[in-house]
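Visitor: Below are the features I grabbed from TrEMBL:
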{"type": "BINDING", "residues": "CYS15, CYS18, CYS21, CYS173", "note": "[4Fe-4S] cluster 1 binding site"}
{"type": "BINDING", "residues": "CYS25, CYS154, CYS157, CYS169", "note": "[4Fe-4S] cluster 2 binding site"}
{"type": "BINDING", "residues": "CYS91, CYS94, CYS99, CYS133", "note": "[4Fe-4S] cluster 3 binding site"}
{"type": "BINDING", "residues": "CYS103, CYS123, CYS126, CYS129", "note": "[4Fe-4S] cluster 4 binding site"}
{"type": "DOMAIN", "residues": "6-36", "note": "domain '4Fe-4S ferredoxin-type'"}
{"type": "DOMAIN", "residues": "82-113", "note": "domain '4Fe-4S ferredoxin-type'"}
{"type": "DOMAIN", "residues": "114-143", "note": "domain '4Fe-4S ferredoxin-type'"}
{"type": "TRANSMEM", "residues": "244-266", "note": "transmembrane segment"}
Amino acid sequence: MAQVPVGFYTDTSVCIGCKACQVACHQWNDLPADLAAQPDASAPGATRPITGDSYDNTGSLSANNWRHVKFIEQINPERTETAWLMMSDVCKHCVNAPCLEVCPTGAIIRTEFDTVYIQEPVCNGCRDCIAACPFGVIHMSGAENAGKGTAKKCTLCYDRLQHSLTPACAQACPTESIQFGPIDELRKRAEGRLQQLQSEGFSKAQLYGADEKILGGLNSFYLLLDQPSVYGLPDNPKVPSRSVLPASLLSIGSAIAVGLAALFSFRVRRVNQLQGGESGVKGQESE
């Protein structure tokens, strides 16, 4: 039975980086710690150990980190001043979810709460969802599917929603940076907060994903204090799946054109051969 669409509104202006949301997510979903190796942006595919250079000790979303508190540490060239921006990142539960569109087995579904959920037993490990997600949310884990693993991401605590419970991360957040509820109510609340921040001089403050411009709207949207790219979010997310159909049509059209050209060439040669044969027969008859 369909429910009122629900999701997250994350106000980054009050995030204190405590990571209570990460801990709560790990505890509720029984996820192992994932601190020993972290993605290194300067060397894709490589890992780096915890160095103490940053308070960001999980690096990014992963198969074991369904929430990740980003620390955007801005230090001036003289290293005399530091500014921090913080954001608890998570799956965006897109209204028009690219991962759901491309999943060949139906493992990724839209729930009655309008959230995006991976049915892990149905996943075949093809990784199409990873390529389709413009936010880099989905990752593979485990040795299922002939070693290819199973797709993992935030479930928006689907099991808790089914029992009318608040998602673990939102319940644990001490500053209410992560707020859970009906999407329409969250949007109204976010608009009011945005106006307040802008009136206080935060000129770059903006909502990300609250309207339909990004993938039909994000059921996990954000209030940011700077440009999306500063937080590692794409300004205009590209959806690979949207170009599949035009590309396929182009390939099919090209194949048809080549086939018609070959057929035409064959018919011309055949006509010429027949005409040449008729000329030879007429010459023999005249003799």
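Keep in mind that glycine also has a Cβ here, set from the backbone N, Cα and C atoms.
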Visitor: Which entry in the list of binding-site residues, CYS15, CYS25, CYS126, CYS157, CYS173, has its Cβ near the fewest other Cβ atoms, using 10 Å as the limit?
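Guide: Sparsest of the binding-site residues CYS15, CYS25, CYS126, CYS157, CYS173 by Cβ contacts within 10 Å: CYS126.
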Visitor: Any idea what the Cα distance is from CYS99 ([4Fe-4S] cluster 3 binding site) over to CYS21 ([4Fe-4S] cluster 1 binding site), rounded to a whole Å?
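Guide: Per the Cα atoms, CYS99 ([4Fe-4S] cluster 3 binding site) and CYS21 ([4Fe-4S] cluster 1 binding site) stand 24 Å apart.
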Visitor: Going by Cα-Cα distance, pick out whichever of the binding-site residues CYS18, CYS21, CYS91, CYS133 is nearest to CYS169 ([4Fe-4S] cluster 2 binding site).
Guide: CYS21
Visitor: Among the binding-site residues CYS18, CYS129, which residue has the largest number of other Cβ atoms within 10 Å of its own Cβ?
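Guide: The most densely surrounded of these binding-site residues is CYS129.
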Visitor: Here's one to test understanding: among the binding-site residues CYS21, CYS25, CYS123, CYS157, CYS173, whose C-alpha is closest in space to the C-alpha of CYS94 ([4Fe-4S] cluster 3 binding site)?
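Guide: Checked the binding-site residues CYS21, CYS25, CYS123, CYS157, CYS173; minimum Cα distance to CYS94 ([4Fe-4S] cluster 3 binding site) goes to CYS157.
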Visitor: Using Cα coordinates, what distance in whole Å links CYS25 ([4Fe-4S] cluster 2 binding site) and CYS91 ([4Fe-4S] cluster 3 binding site)?
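Guide: Just about 13 Å between their Cα atoms.
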Visitor: In whole Å, how far does the CA atom of CYS133 ([4Fe-4S] cluster 3 binding site) lie from that of CYS103 ([4Fe-4S] cluster 4 binding site)?
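Guide: If we compare the Cα positions of CYS133 ([4Fe-4S] cluster 3 binding site) and CYS103 ([4Fe-4S] cluster 4 binding site), the gap is 11 Å.
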Visitor: Can you check what DSSP calls CYS169 ([4Fe-4S] cluster 2 binding site), collapsed to helix, strand or coil?
Guide: helix
